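The next block holds one structure in the form of structure tokens; read it before the comments.
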Amino acid sequence: MIYLVFGFILFETLLALVTQFFRIFYFWVIFSANVSAVLIATFFIARNWKNRINFRPDWILIFVAVISVLYLYQVHYNYTGKINLATDRTVGYHDVKNMVYPYPYYSDEWDAVSLMKYSINSHVLPFKNPLDNSLYINFAAPFFSFLSGIALLLRVDPLLSFNYLSIFINTLIIILGYVFLRFNKMPKAISGITALFLLYIPSAANLPGTWHLIPIHMGIVFSLIGFCFMSLSEIKLAAMSAVAVLMFYPPLILFYAPALLIFLFSKSSFININAKRSIAFLAAGLFLAGLAVLAVSPQIKGAIFLRLFYPSFSGSYIPQYNFYDIIPWASILFFIFTAKTIFKNYKWLFSQIVLGTIFWILYSFATYRIIIDYERIVFFTSIIVVLASGFGMKILFDYIDSKKLIKYPASNFIIAGFIIFFILFIPFYTSQNNWQKFVLINPVNGAKAYAKAPANNYLVSDDIELFKDIRQQKFLSIPWKGLVIGVATNNYPAVAKEGIMSVGNSKIIDQFLQADCAGKLNMAKNQKLDYIYLYEFNCQGFEKIGTSQEGFVLFKVL
């Protein structure tokens with residue numbers, strides 16, 4: 001399975017990148033290439049079918065996949081819990097039950113949808129910000145090309161299908177966690193329980209988790225695939241995974257590369273002069289390729305330097321991500337029993353925990369970031385700790401069984417209890433409120449800012465209805481409305497909520513609202529605005545089109 005997933009994602013990504021580069025990114029090209037690939041793969045599989053005749057389904061793996069889908073499906077299609085609304089002037093929460101919201105929650109996801117639509121409609125690589133038609137230096141272009149290729153192949157709307165892609169990728173992460181543990185000789189039940197604990201790493205408005213789909217998720221997919229290849233001693237494929245990590249989420253190579261090097265040099269059979277030369281040539285090749293890119297494009301060079309050391313998006317506030325609020329308590333307990341074992345037998349895996357811990361501690365006191373964001377560090381490190389805890393679970397269960405407290409292995413009852421827990425808590429999954437503990441604190445004056453809910457309802461039916469006949473027009477609204485309406489209706493916001501891309505400055509909203517009628521009209525002309533979607537005002541030069549139930553009024557600039 002691991003080889004199939006690895007090959008499938010790389011094939012679809014390279015196919016999308018090549019066809020977009022040559023501007024032949026059309027359905028029939030992608031479809032024909034996939035049909036050809038399936039026929040070729042079927043031919044080679046059929047030749048070796050005798051070796052697969054004893055194949056039996058892994059029912060624990062199937063259970064893990066089904067439970068993961070049931071949990072993640074509720075996030076958008078049966079959500080019960082707290083949400084935020086676009087009309088909130090301050091951080092406030094609204095309780096909902098069984099809410100259906102078929103759109104993304106995270107601003108980066110909206111940007112992803114925008115780039116997917118741009119590539120599909122323009123048949124080119126995602127190197128333009130579709131919200132204002134400006135150049136966008138896209139270091140994660142393979143991620144967006146892969147998603148747009150899948151959407152084009154399936155002929156689905158990128159916006160309405162994005163949540164299903166998110167469910168698929170996050171379920172894949174959980175399955176890969178299970179497979180990784182199985183490759184390291186962990187029992188099926190323990191591997192399944194450990195993998196399912198990944199669902200309980202909380203997601204928040206500013207903390208991406210299994211509820212979201214952004215470039216780091218594909219970086220994690222290939223990191224886990226690489227860890228699986230290391231467990232199988234597939235050295236070449238583990239090295240190829242490093243290239244894939246670099247393609248999909250470059251900052252994560254900061255973690256994967258040390259793990260790969262530690263693994264390689266821990267293999268006595270691998271340490272020879274030819275191997276060292278190969279590593280040196282690979283490193284030199286990547287370094288020279290990087291220098292070539294920097295020499296060719298000053299814009300890329302500037303964008304890279306801006307990402308090496310930069311201020312936190314939360315400004316002077318530092319998020320409080322305490323490890324005991326992020327990592328499930330059971331995983332912390334089991335990890336305690338295995339820390340020594342991981343260090344002794346899996347130094348390459350232990351390096352991930354050490355690096356993550358160093359960054360986690362450093363970022364908990366600093367307002368600047370080095371290469372990779374605080375939130376991404378927290379998510380990735382938590383995944384590694386949870387998976388490592390599976391080794392501790394086996395150690396603890398083996399110890400309990402060795403005591404022979406009862407006739408049957410006591411661990412079987414504990415495992416059954418966990419399985420019942422995961423089944424019974426399906427309806428309550430989205431109601432967990434750990435994210436409310438992620439308070440942001442200003443270290444200078446002690447001021448606090450409270451976290452927003454992980455779910456929201458920023459795009460409503462009235463927005464779609466009011467903008468249904470408006471296309472490719474520039475409009476002014478509050479940042480979140482600018483982003484969601486711009487992406488959903490193919491219009492250009494003067495200001496949009498910042499994600500992986502940014503548009504405009506939110507200061508012009510207050511300037512517009514505070515200006516008199518002459519000032520409003522003058523700003524509309526200077527900004528080349530076609531529409532205004534803000535709160536009620538009465539001025540000549542603006543034609544009122546309609547009002548949403550939220551109180552936003554759409555005006556046409558005359």
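Every residue gets a Cβ built from N, Cα and C, even glycine.
Over in TrEMBL, the protein carries these features:
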TRANSMEM  26-46  transmembrane segment
TRANSMEM  58-75  transmembrane segment
TRANSMEM  135-154  transmembrane segment
TRANSMEM  161-183  transmembrane segment
TRANSMEM  189-207  transmembrane segment
TRANSMEM  214-232  transmembrane segment
TRANSMEM  238-266  transmembrane segment
TRANSMEM  278-297  transmembrane segment
TRANSMEM  317-337  transmembrane segment
TRANSMEM  349-371  transmembrane segment
TRANSMEM  377-397  transmembrane segment
TRANSMEM  409-429  transmembrane segment
Checking distant contacts: for the transmembrane segment (377-397), what same-chain residues at least six beyond its ends satisfy Cβ-Cβ under 8 A?
173, 177, 180-181, 184, 186-187, 190-191, 193-195, 197-198, 201, 207-209, 216, 220, 223, 252, 255, 321, 323, 326-328, 330-339, 341-342, 346, 349, 352-353, 356-357, 359-360, 363, 411, 414-415
Quick one: do the transmembrane segment (238-266) and the transmembrane segment (135-154) reach 3+ CB pairs under 8 Å, ignoring pairs fewer than 6 apart in sequence?
yes
Which sequence positions outside the transmembrane segment (349-371), separated from its termini by at least 6 residues, show Cβ-Cβ distances below 8 Å to it?
227, 251, 254-255, 258-259, 262, 307-312, 314-318, 320-321, 323, 342-343, 377-378, 380-381, 384-385, 388, 443
Looking at the transmembrane segment (317-337) and the transmembrane segment (161-183), are there 3+ C-beta pairs under 8 A, with each pair at least 6 apart in sequence?
no
Thinking of Cβ pairs under 8 Å, which stretch from 58-75, 135-154, 161-183, 189-207, 409-429 has the most of them with the transmembrane segment (214-232)?
161-183
Counting CB pairs under 8 Å, which listed stretch among 135-154, 161-183, 189-207, 409-429 touches the transmembrane segment (58-75) the most?
161-183
Close approaches to the transmembrane segment (189-207) from elsewhere in its chain (Cβ under 8 angstroms; 6 or more beyond its ends):
60-61, 63-64, 67-68, 71-72, 84, 105-106, 173-175, 177-178, 181-182, 313-314, 319, 321, 325-328, 330-331, 334, 375, 378-379, 382-383, 386-387, 389-390, 393-394, 397, 415, 418-419, 422, 429, 432, 434-435, 438, 451-454, 456
